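All remarks here apply to the structure that follows.
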Amino acid sequence: MTDSNDNVPERDLQTRIVQPEDRITPGFESFSVPVARASTVVFPDLATMRSLVWSDDSRWRYGLHGTPTTIALAQRLAAIEGGEHALLQPSGLAAISNVYFGIVKAGDHVLVPDNAYSPNREHADWLAADFGLEVTYYDPMIGAGIADSIRPNTKLIWLEAPGSVTMEIQDVPAIVAVARAKGIVTAIDNTYSAGLAFKPFEHGVDISVQALTKYQSGGSDILMGATITRDIELHRKLKRARMRLGIGVSADDASLVLRSLPSMKLRYEAHDRAASALAQWLKTRPEVAAVLHPALEDCPGHAIYERDFEGGAGGLFSIVFDGRYSAAQVDAFVEALELFSIGWSWGGAHSLAMPYNVRSMRTASQWPHEGVLVRFYIGLEAETDLRADLEAALVKALG
Ligand SMILES: *Cc1c(COP(=O)(O)O)cnc(C)c1O
């Protein structure tokens, strides 16, 4: 239908605007994945259209279900993490939601770690209150003790290692062993490691969730999520739920993440170098009671980190101030920082700082620290400047 035919009289300008006779020189090649925007995917004939099944990943069907741009990103993400199949969602939280709607139903029981990403808790509480899910929060350090929390209707166990505010490293293999023995699906929010520093599938986890909003985007300007699996049946369940929820991502956003992906590992390592150095320096400061960085001993699960992680910890860590400092003093410290901005999310070039009242965020485990927690995200500024900024703010607010 796009062939030009010299015998056909010239069509109206309006038709030619809608269906131009493009004469694009063939043979062009570049490193970028083309931006393939689509709602409508065009079929050559009705028989082809009728033969398509939504679950068939090898054929194009509708823009919401994927275009060459989004599928290229999904495949690269699966490869980074050692998975086989990946789906994209419009945010990390939408990926989390996709797991709930794909894996559990009313009457099922779900276990969520007490240190889970807060909107995951919010989502679980909502499903428990309004949609008949049973939800139990568990101590993230419970390890094989998770067995005591399992019920006959437990269908999903969430993991998050480390928790992105309090940084406990869970014993993933111990929890997965219990889950596997009972046929329970495990899903990890693996955003912290970007799929680089922790390889969930090597430890038997079924589903990995990534907030691509963070390191994969790297620009603090894109929202996107992914679910990655090795198991085609789980992938199909997630894909069916994603189709029913009507969630997908734009090719333009996907192309921006594709653009950042080649530098992600090098960025992660640079964030890690500076964050480790600053964490160690903060450990020497008298104002600081504990430094919760996975590579330091203060961090619960440090030995598990040494055992299960490789390739660093990225840019995220927290400190707990000495209990003698009030919440208002710690607020003053955060506001005295000049190079650290106040804002949610992380994974971009800019450093961030945020105070948290952890006790108000937990229901299943005791938080041992008195003092206020501040979470830092170490960006790509020079480490010497960040250290000077931290020191000046400590002196100004607490000195
Ligand atoms: C940011 C984040 C998410 C959610 O990502 P959004 O794209 O902001 O919805 C999920 N889990 C963790 C650990 C995160 O840091």
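Every residue gets a Cβ built from N, Cα and C, even glycine.
The N6-(pyridoxal phosphate)lysine annotation in TrEMBL covers Lys214. The DSSP secondary structure for Lys214 (N6-(pyridoxal phosphate)lysine) is coil.
Taking the Cβ of Lys214 (N6-(pyridoxal phosphate)lysine) as centre and 10 Å as the limit, one finds 26 other Cβ atoms among all the protein chains shown.
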